[in-house]
Every structure is written in structure tokens, then in C-alpha cells.
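Read through the structure below, which is laid out as C-alpha cells, and then see the notes.
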Amino acid sequence: MTHLWTRNGWWVRRLAVLPLHLLIFALVVFFLVKLIPGDPVAVLSGGQPMTPEQYEATRASLGLADPIWVQLTTFLGDAVRLDFGNSIISGIGVMDEMSTRLPETVELAVMAMTISALLALALGFLVVLRPRNAVSRVIASYARAAGAVPDFCLGVAGVFVFYSVLHWAPAPIGRYATSLNAPPRTTGFPFLDALLSSDTVLMSSMIQHLWLPIGVLVVAYAPMLLKLFIRSLDQAKNAQATRFRIASGASRPMVLLSVGRRALPSTIAMFGTIFGFMVGGAVVVEQLFAIPGMGEYAVQAVTRADFVALRGFLLVVGAVSLIVFFLVDVVTMSLDPRRRPGVATAGG
Amino acid sequence: MSALRSPGGTGRWRRSRAALALAAVTAFAVACSSSANNPGTAAGGDGASMTIVTPDTGITWTLDDGFGGFEPGKNVQATLLRKPFVDSPQGRGVQQQDVYNYGPYLASSYEVSPDGLTYTFHLSNAISASGNEITSDDVLWSYERKFGTPGSLAAGIMAPSLTDPAQQIKKIDDKTFTITIPQAGLGTTFLALLSDLCGQIYDSTELKKHVTPDDPYAVKWSAQNPNYGFGPYEVTDYKPGQSVTMTARDDFVLGPPKVKTINIRIVPDPGTRANAVKNGDADLAENVTPADSATLSQDPNLIAPQVSNPNTYIMMPLVTNKAPFDNTLVRQAMAYATPYQQIIDNVYRGLAQRKGPGFLLDDAPGYSNAGFPDYTYDPAKAKALLAQAGFPNGVGFTLAVSAAEPDVREAAIQIQTQAKAAGFDITIDEMPASEFAQQRTNHTSQAFILRDYAITLTPPYELLVYTAPNGANNFADWYYKPFQDALAYGNTLPDALSDQAGQAWNSAEKMYLDEAPIVFIGQVQPNVLVSSRITGYAWTSDNWIDYFNFGTVSP
Amino acid sequence: MALALDTPDRDTRRRRTRRPGIASVTLVPAAILVLLAVLGPVLVPFSPIDVVDRPDLPPGGAHWFGTDSAGMDVFSRTIAATRNNLLIGLITTVLATSLGILIGLVVGMNESRRGPVGTLARGVSRALDLVQAVPAIIIGLVLIAFFGASIPSLTVALTVCLLPNQARLVRAEVLRVRGEAYLDAARVSGDSELVLIAKHVLPNSSWPALENASLVFGSAIVLTAGLGFLGVGLHPPTPEWGSMIAIGAPGAASGRWWSALFPAVALALTVFAVSGVGRRLFGDD
């Protein structure tokens with residue numbers, strides 16, 4: 001029993017305090033949103049005249065007339081019950097919007113990041129194992145270009161070339177053709193739902209619509225992973241542990257596996273960062289391809305001083321990010337047990 | 001099948017072979033019992049359909065809970081009166097509203113008492129989307145809701161014509177009611193208001209089913225359930241931030257709409273919207289940049305509508321409550337330092353016009369815009385005025401601009417460059433739309449630049465809309481007693497569109513322009529792009545498109 | 001024993017990267033950039049902040065890179081923006097990377113300790129998670145609303161946004177290095193903890209952050225554009241690549257490619273140059 005605890009305690013403890021971190025995050029969110037400039041009543045009035053009484057009544061109806069600690073406790077109480085209120089502009093429940101937009105965004109991020117990660121893995125090994133190969137050199141300089149070309153440049157260029165000129169892609173409007181019905185909602189992830197209902201028409205329409213945006217994301221973000229991965233593979237390859245394995249006659253796949261295992265952690269940390277970013281901030285691709293998602297929601301909320309929507313958005317994105325970071329730590333530390341906090345304590 | 005798909009959709013399948021091949025691979029990989037998607041409910045029934053691409057305007061289904069994107073909502077609602085459409089001088093099926101005529105709609109007719117104070121309305125037999133026929137109770141209850149909900153705009157918009165509906169509106173019988181207004185001279189504006197947003201009447205029978213103690217007028221319910229109106233369409237599918245599908249109501253009071261299905265798609269990128277119409281993937285794009293409009297209007301398959309008197313103005317309020325614009329001479333200097341024609345040419349590519357320095361539409365009966373100051377770009381004169389005001393070495397100020405409007409930012413840059421010659425050193429402060437709204441309401445910045453319009457187009461309304469004392473909409477925070485007196489005098493005259501009233505509006509507006517709290521730069525044409533397959537695009541004073549007027553050109 | 005004190009990873013890397021010819025070549029683009037940043041305002045043919053001609057003129061004639069949608073000269077603006085963008089990008093990169101390494105080191109070395117120091121380190125680690133969980137645009141919005149739109153405030157905002165990832169990358173490596181045998185050997189031979197960190201942990205764990213530095217530079221510019229898009233960037237028409245690209249991009253979809261393309265190329269070249277300097281300084285390749 002104690003053995004089990006010492007081996008697993010490090011992640012169980014992290015998991016146990018996750019709700020506490022979320023609560024702290026909710027506090028931060030409350031005050032952060034208060035600091036964002038903009039008066040929701042001014043937006044609501046649309047510039048139409050309002051008497052001072054009307055103004056006060058509107059403020060009160062938004063709960064803004066209450067003392068700040070009442071607002072805070074109401075917000076925290078509601079948040080605990082997963083009630084994020086209604087958008088002050090559209091009147092639609094923030095939770096309702098989140099529950100459709102989050103899976104849609106996450107699905108897109110998972111698709112793009114899975115391809116990026118596989119690409120980074122394969123290309124990384126190629127570059128490190130065959131450094132003199134011409135293809136490897138091209139790939140290595142592509143990796144070095146990480147961050148050089150912003151995703152919105154790639155997106156605009158992609159739309160221009162593949163839609164306006166070549167007509168290989170359909171109009172960059174949504175996930176599937178306007179005329180088609182949405183899949184029956186089972187999981188909330190559109191492609192998965194289409195797959196589950198075996199709706200091949202819808203699926204092929206989705207593939208036609210999504211290959212370009214996903215391609216843009218992959219081309220923009222894969223080099224960020226690749227760059228780090230090549231570097232850490234290189235380092236792991238030359239480390240003592242590798243020499244030891246080669247010297248002790250381990251098979252080539254075993255050596256590669258060991259190298260990969262030791263090289264992955266920093267790339268995984270980067271993966272977590274990019275994934276978290278895509279969930280909350282892939283606004284550009286969402287806007288360019290009219291795929292409504294989380295980022296677009298946040299931009300609209302900021303533009304309209306919709307503090308209720310913004311708080312809900314931040315809480316959801318924060319929760320997802322914290323979970324992703326937690327998973328990243330768990331995966332990193334499982335791949336390379338030296339990185340676990342507990343080990344060092346035990347070792348002195 | 002093809003009739004159900006959006007126009008242009010059929011061609012796309014052929015074009016994107018690469019993607020199809022990819023799709024085929026997946027389809028094969030799935031290899032389950034392949035059931036086809038069955039488009040039908042989402043795309044609506046038979047008949048003509050059209051696709052509109054629009055930015056996310058914050059679609060709002062209820063007027064009474066704050067301002068938002070009202071266009072789809074407007075088309076499920078109907079107003080008591082309506083302003084008829086006439087052909088635009090541009091031709092090609094483009095129409096415009098005759099804003100000085102108030103014809104029957106939900107009210108089939110009305111009479112005015114001899115003193116001009118009491119209007120008696122007779123209701124039509126319109127049926128709502130929920131199936132109830134309109135009655136006077138709907139009217140009374142609708143106005144009770146409009147004036148009783150916090151955050152509702154009606155009270156601010158309808159003053160001074162209608163301030164207390166409980167006292168002013170009286171039910172005679174199920175189909176007849178009267179409204180009494182305080183001054184006969186307000187009558188024209190009052191009728192115009194009943195033809196605009198605030199004239200919408202709701203199905204109270206339906207709404208009352210959803211009333212709760214917290215929500216006595218079912219405002220919260222109606223924010224998410226749009227089909228409580230008497231308008232030409234009903235909403236059959238709504239995905240917030242994504243799409244709206246609207247289906248024609250064949251029992252609509254003015255007859256069945258010609259376009260049976262309207263697909264509204266939210267497309268945030270302006271370039272994509274313009275391209276979608278150009279490539280036949282959509283029939284109408286809203287909020288297109290002037291550069292795209294000007295380029296694409298050369299295409300014979302596309303129309304960039306132009307009307308004789310668009311009511312959208314680009315304007316620059318100079319806030320009078322602080323230096324340097326607390327000085328009238330500095331404001332006048334700015335009016336001479338603004339490059340009007342350059343903004344019309346460079347920013348709006350000719351899709352704007354300047355018919356004089358004022359804000360009142362020059363076609364109002366009885367009104368004339370003669371005798372106003374001739375504000376043109378004249379840096380020497382501006383410099384002289386600045387020197388006279390005590391700024392011989394020029395003066396600097398901050399010009400606030402909303403990040404949501406790229407054309408306005410470009411206009412600000414034109415002004416910044418050209419006003420240097422007159423001695424103005426302008427800092428352009430770009431900010432999020434929400435902060436801009438706050439600063440505008442609180443008159444924080446030294447100057448603003450924005451595009452805006454008055455929905456109700458009668459001279460007294462236009463004169464008051466940006467000058468109401470202490471109002472949030474008084475952009476320049478300007479109060480000038482002689483002007484208010486002149487406006488009040490005009491309102492005492494019995495008919496706002498008479499020659500006598502026209503002279504009163506002219507002299508009031510002259511003071512408005514001499515004092516120059518707002519530099520009116522020009523009238524901007526509608527920023528939409530329409531496929532020539534569609535007829536009946538009509539400019540309306542609220543700049544929300546009336547879908548009922550649409551038709552298709554038969555091939 | 002003496003051999004064990006050597007830090008093997010770093011050693012192998014050093015040996016491989018002594019290629020003087022190539023190394024100095026990588027510095028040429030960076031030198032040109034610095035020169036442009038210093039001399040740019042003198043070199044430009046037109047005022048970069050004024051309307052100088054008709055809008056949307058294609059490249060050629062008087063305007064080598066054409067004019068943008070407002071009628072400003074794209075060439076002059078692209079050159080004049082070098083100074084602003086190098087300032088924003090470099091300061092952000094240096095601050096985010098050095099602070100990230102520092103925080104990553106401190107957190108990584110102390111995270112597993114008992115007592116207040118360990119608690120604090122774990123707290124900082126989680127706080128980084130929290131900061132990173134807030135989308136960068138929101139952080140930028142709040143900070144810039146507070147301090148006003150200027151290059152210093154923008155730099156601070158961008159640093160706050162980009163620092164957590166750098167710290168996280170370093171921390172992940174520190175946790176690995178911490179357990180290496182050569183550290184124990186150094187401890188046994190009497191090195192103090194501070195010397196230990198400086199001599200062994202820092203060189204072996206800061207590389208991911210350094211590798212990532214050119215990406216931080218690019219991200220800083222892209223985020224500047226994102227903030228400008230919301231209206232919290234530098235005052236228009238300050239020449240700055242990010243906002244030039246963001247403003248020009250919608251036009252590019254309709255064929256007016258020049259006002260977005262040239263600043264995008266400038267940005268790409270700069271990121272390449274910065275990554276070249278990185279490789280030269282830290283011997284990465």
C-alpha cells in the first residue's frame with residue numbers, strides 16, 4: 001500500500017489539488033474581467049439615449065449594482081454549479097454555447113495536433129538519423145522556420161490559392177456544405193458524430209471543408225514541435241545512456257526507443273502549450289474559414305464587453321488548459337521517471 | 001436534391017476532385033452501412049432559396065433586452081406601418097425606401113383627429129408564426145413590454161412622441177385602438193417610428209404562456225425563441241455564431257414571400273464574404289469593404305447597390321466639454337482641415353457622397369439645405385481660424401476609433417495626414433468596440449470618428465438624435481440653447497414636412513453646423529454586395545435588409 | 001572522478017560546432033537588420049506614417065512595394081517598421097527567455113523540497129500554469145488597458161504571455177538534470193548548490209528555451225498583430241509588421257497581395273536571422 005502511494009502519489013496529489021487551482025483561477029478570472037475596459041450597458045444601449053434611471057435599472061438587472069463581494073460570491077457559487085449565466089448580448093446560456101463550441105474546437109485542435117505530432121516524430125527521426133540526406137536538410141530548415149510565417153498568412157494564402165484560383169477547396173464557410181444537416185448529437189464532436197452515424201455524405205463534406213484549415217494549422221505549428229524534437233533527439237542520441245546501450249549490444253529499435261523516450265518530454269511540454277493555445281486562441285483560422293469556435297467567441301465577448309460570456313469562456317479554457325498541463329506533466333514524468341518530483345526527494 | 005442545395009453548390013462537387021478522392025478513401029475505410037445525409041429540414045422546403053453571408057453581428061431576437069444584430073429578427077417581426085419601396089436610380093432591381101410615406105402593414109388603416117393629436121388604428125387580420133391573429137391586446141401588451149423592461153431602448157427612441165403607453169394607448173375594440181401624442185407637430189416622426197423597429201408588435205397570446213415572476217414579459221424566453229412575431233419568415237434553425245435558417249410563412253399578411261428559404265451564414269472574414277458571392281457560393285454579402293465593393297462591382301454578375309440618399313454618415317464628433325474643442329473656432333478649423341473628397345475617393349472608392357456639410361437628408365418635403373457654411377478642405381483657412389483661436393503653432397488632439405471598423409480607421413489616417421497642413425497634430429487611438437462605446441457614452445476622448453445613422457428619418461428626429469441634452473448619443477456633449485429653442489419652435493408647427501417647418505429645420509441646422517460640434521464627412525452607400533441572380537435588394541433606413549422584398553431572376 | 005565532474009551533454013555539443021566560416025555567415029542577415037533598424041527612417045523614400053498616394057496601387061513605379069488600403073507606401077512602412085519590431089521582438093525574447101530560464105531553474109530545483117521553499121516553488125509552478133491558461137489576447141488586453149499602448153507596455157504584456165512556456169520548458173529539463181550522476185559527483189566534491197546550478201544545471205537545461213527563442217520572437221510579432229486586431233496595439237499608423245499583415249490580409253484574399261506579403265516576408269527573414277544568431281551564440285546546430 002505505501003509502496004503504491006510512493007509510486008503514484010506524485011500524480012494523485014496533483015490531481016487532488018486541481019479543483020483548488022480551478023477555484024483560484026475562478027477568482028483570478030473574476031477580477032481580470034473586471035479590469036477589461038468597456039461598459040456593458042453602453043454596448044447594450046447601442047448608443048441610444050437612456051435616462052439615468054434606465055441606466056441604473058439596466059446595471060442592476062446585470063447584477064452590476066451589487067457590492068463587489070456579493071457579485072464575487074454569486075459568481076463563484078454559480079460557477080461551482082457549472083452555471084455560467086446568460087450572455088448579456090444574445091441572452092443565450094454561456095454553458096450551452098460552451099458545450100457546443102468546446103468540442104468543436106477541441107476536435108479541430110486534436111486533428112491538427114495529432115497530425116503535427118506524428119509528422120514531428122517521423123521527420124525528427126529522419127533528420128537525426130540521416131543528417132546528410134538532402135530531404136533532411138530541407139526539413140531541418142523548415143523546422144528552423146518555426147514562427148517565421150504567421151498562421152494568418154498561411155491561411156490567407158491557402159484560401160487564395162486553393163479556393164479562389166485552383167478551386168480545389170470549397171468556399172471556406174463552415175465545417176460542411178451549407179445544405180447538409182448537422183449530425184445527430186451524441187458526443188458533440190462533429191466529425192465523430194458523423195462517423196458514429198455512418199453519414200458518409202456529411203463526412204466527405206467535412207473532409208473537403210477541413211483539409212485546408214487543418215493543413216494550415218499543421219504547416220504553421222508542426223515546425224514548433226519539430227524544431228525542439230530534432231534538438232532533443234540530437235542530444236539524447238549523444239548522451240551517455242545511448243552509448244551505454246549501444247556498447248551493451250542493445251538492438252537498434254531498442255536504442256531508438258530509448259532515445260525517443262528521453263527526447264520527448266520537452267516536445268510534449270511544447271505540445272501542451274500549443275494545444276492550450278489552440279483551444280483558446282485559434283481565432284485566425286476560425287475566422288478565416290468561418291468555423292465558429294472558442295477563440296471567436298472570446299473576441300466577440302471582448303468586443304461587446306460581454307463580461308458574463310468572457311468569464312464563462314475563461315473558466316472553460318482555463319479548466320481545459322490546466323487539465324492538459326496536468327496530463328503533459330504525467331506523460332512527461334511517466335516517460336522519464338527521473339523527472340518526477342518524488343524521485344529526487346527519495347534519492348536525497 | 002439540387003434545388004435543396006445552396007446555389008453554386010452543385011458545381012463545387014465537380015471541382016474539388018482532390019478532396020473527393022481523399023473523402024472516398026475515408027468512406028472506404030469506414031466501410032459501414034453508408035447512409036446518406038438527408039438534407040431537407042435544415043435547408044427548408046421547395047422553392048427559391050438564397051444564402052446570405054454576414055459577419056457576427058450579435059444576432060438578437062428581442063428588441064427589448066439591449067441592442068444587437070436585429071436583421072434576422074426584423075424579418076420575423078412586423079411593424080404597425082411600413083415605408084414603401086421605390087426603384088433606385090441605379091436600376092438593376094435595386095430599390096430604396098420612400099422614407100416620408102407610412103403605408104399600411106399590421107394596421108390596415110389609420111385616421112387622425114382634426115387637432116392632429118389622436119390617431120385611430122384599424123388592425124389587419126395578420127397571423128403570427130404561432131398561429132394567433134393580431135388584436136389590440138397584442139399592441140397594448142407589446143408597448144407595456146417595450147417600456148417596462150430594463151435595458152429596453154424603446155423609451156429612449158420614442159420620446160417625446162410616446163412616453164407613457166398606459167396613458168397614451170387606448171383599446172377601442174379587438175381590432176381598433178387609439179394613440180394620443182402630446183403635440184401635432186410630432187405626428188410625422190411618430191408615424192415614422194411606428195414603421196421602424198419600435199413599431200414591432202408581438203404575439204402576446206404566445207408570449208404570455210412563457211411569463212415567469214422574474215420575467216413578466218417573457219423577454220428571456222423570447223431571446224431564445226424567435227417565432228413570436230407577425231413577420232414574413234420564421235426561424236427553423238439557429239446555431240448561435242454560425243447560421244440561421246429562415247423559412248417563408250405562406251400565411252404572411254402581405255402574401256407569401258418569393259424566396260422560400262433564407263440561409264444566413266456567419267462568415268467573419270470580409271474577404272471571404274466578398275469572394276463567396278463572387279464565386280457563386282452565396283447570393284449576398286454584408287459588410288464588405290469599400291475596396292472589394294468597388295473592384296467587384298465591375299463584375300456583371302454582381303451588384304454593389306447605390307441609392308440616392310443613404311443615411312449612413314461617416315462623422316467626426318469633436319467633444320465640446322474639454323480643450324481644444326471647447327472653442328468653437330477650433331471646431332470650425334477642424335471642419336476646414338478635413339479632406340472630404342479624399343476620404344470619399346480613397347477610403348470609399350466613390351461609394352460615398354457629400355451633398356453639403358449637414359446631416360439632414362436633403363429630400364425631405366419642405367426642407368432645404370441652402371445657406372450653410374461651405375466646409376471644404378481648406379488648410380489655409382483652418383490655420384487662420386486656429387491662429388484666431390489662440391493656437392498659431394497648431395494644436396494636438398486624440399481621435400478615438402473603433403477597431404471594428406477598418407474603413408473608419410482609414411478615414412482617420414487620411415484626416416491625420418491632411419490636417420497636418422492646417423496645424424492639427426492628431427493621435428489616432430484605436431480601441432476595442434466595447435471601449436469605444438464606453439468612451440463615446442461618457443464623452444471621454446477629445447474626438448471620435450465613426451459611422452452611424454438615424455433610423456427614423458424626419459428632420460426633427462435627425463436634428464435631435466446627436467444633440468439631445470445629456471444624452472448618451474450626444475457624441476460631442478454639445479448644448480447650445482438657441483439651437484434647442486429653434487428645434488422646439490419647429491416642433492410647435494403642425495406639420496413637420498411643411499414648407500414653414502422646413503425653414504425652421506434649416507435655421508436650426510445652420511446653428512448646428514456653424515457651431516460644428518460634429519463634422520459630417522459624407523453619406524456612405526450600403527456596404528453589401530448582391531448577386532445579379534437576386535432582385536429586390538432594398539436600402540432601408542435601419543440598414544437591416546428586408547428579405548420579403550427579395551426575388552430571383554428566372555434563368 | 002575528475003572525468004565524472006565534466007558535464008557530458010554539453011561537451012559533445014561544443015566539439016561539434018566549431019565551424020567558424022559558417023558561423024560568421026549566419027550573422028550577416030542580423031547585421032543588415034540592425035543597420036536597417038538604425039538607418040531605416042533615413043533611407044525611406046516616403047513618410048511611413050502619411051498618406052502619400054492613391055490606395056491599393058500595385059508594386060512598381062514610385063512605390064516599389066505598392067501602397068496599402070489607406071494610400072501609404074508599403075516599402076517605406078516595411079523598412080521603417082524594422083526598428084519597432086526589432087525593439088518589441090528582441091526585448092520580449094530576451095526578457096521572456098532569461099526570466100523563463102531563471103524561474104524554470106528555481107522552480108525545477110526546489111519543487112520537490114519540503115518546507116516553505118518547496119511549497120513556494122510548487123506554487124510558482126502552478127501559477128505559471130494559471131497564467132498560461134489565460135489566452136494571451138486577454139492578458140494583453142488587460143495590461144495594455146492599464147499601461148496604455150506603447151512599445152514598453154506592449155513588451156511587458158508580451159513577456160507575460162510568452163514567459164510561462166519558456167519557464168515550463170526549462171523546468172522539464174531541470175527535473176531531468178537534477179537526478180544526473182554528475183550532479184551528485186559535484187556535490188560530493190564540495191561544490192556549493194549555487195555553483196552547481198550555474199556550472200552544471202543551467203548549461204544542460206536551458207537549451208529548450210534558447211532553441212525556442214526565435215519562435216518567441218515570431219510569436220511576439222504575431223501577438224502584436226492579434227492585439228492590434230482587437231484595437232489594443234500601437235497607435236495607427238505606427239509602422240509595425242504584425243498590424244500591417246493583419247490589415248493587409250483581407251485584401252490579399254481578393255488579389256491585393258502586396259500590402260500583406262512584404263511585411264510577412266520581412267517578418268520571416270527576421271525570424272530566420274534571429275534563429276541564426278541563436279545558433280551562433282548558443283552553438284545549437
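Quick reminder: no glycine exception, Cβ is built from N, Cα and C everywhere.
According to TrEMBL, the domain 'ABC transmembrane type-1' annotation covers A:102-332.
When Cβ-Cβ distances below 8 Å are used as the criterion, the transmembrane segment (A:12-33) is approached by residues 5, 71-72, 75-76, 79, 307, 310-311, 314-315, 318-319, 322-323, 326, 329-330 of the same chain, each at least six residues removed from its ends. Per TrEMBL, the feature transmembrane segment maps to A:12-33 (among others).
Among the features that TrEMBL reports, transmembrane segment is placed at A:108-129 (among others). Non-local neighbours of the transmembrane segment (A:108-129) in the same chain are 135-136, 139-140, 143, 191, 210, 213-214, 217-218, 221-222, 225-226, 229-230, 233-234, 237, 256, 260, 263, 267, 271, 274-275, 278-279, 282, 285, 291, 293; each lies 6+ residues outside the stretch with a CB under 8 Å from one of its CB atoms.
Feature annotation from TrEMBL assigns transmembrane segment to A:141-166 (among others). Beyond the transmembrane segment (A:141-166), the same-chain residues lying 6 or more positions past its ends with a Cβ under 8 Å from any Cβ of the stretch are 123, 127, 172, 212-213, 215-217, 219-221, 223-224, 226-227, 230, 282, 284-285, 288-289.
Annotation comment: TrEMBL describes A:210-230 (among others) as transmembrane segment. A Cβ distance under 8 Å defines the sequence-distant neighbours of the transmembrane segment (A:210-230), meaning residues of its chain 6+ beyond its ends; these are 108, 111-113, 115-117, 119-121, 123-124, 127-128, 139-140, 142-147, 149-151, 154-155, 158-159, 162-163, 169, 172, 175, 191, 263-264, 266-267, 270-271, 274, 278, 282, 285, 288-289, 291.
Beyond its flanks by at least six residues, the transmembrane segment (A:268-289) meets 102, 105-106, 108-109, 112-113, 116-117, 150-152, 155-156, 159, 172-174, 209, 212-213, 216-217, 221, 224-225, 228, 295-296, 298-299, 313, 317, 320-321, 324-325, 327-328, 331-332, 335 of its own chain at Cβ-Cβ distances under 8 Å. The transmembrane segment feature in TrEMBL is assigned to A:268-289 (among others).
Feature annotation from TrEMBL assigns transmembrane segment to A:309-331 (among others).
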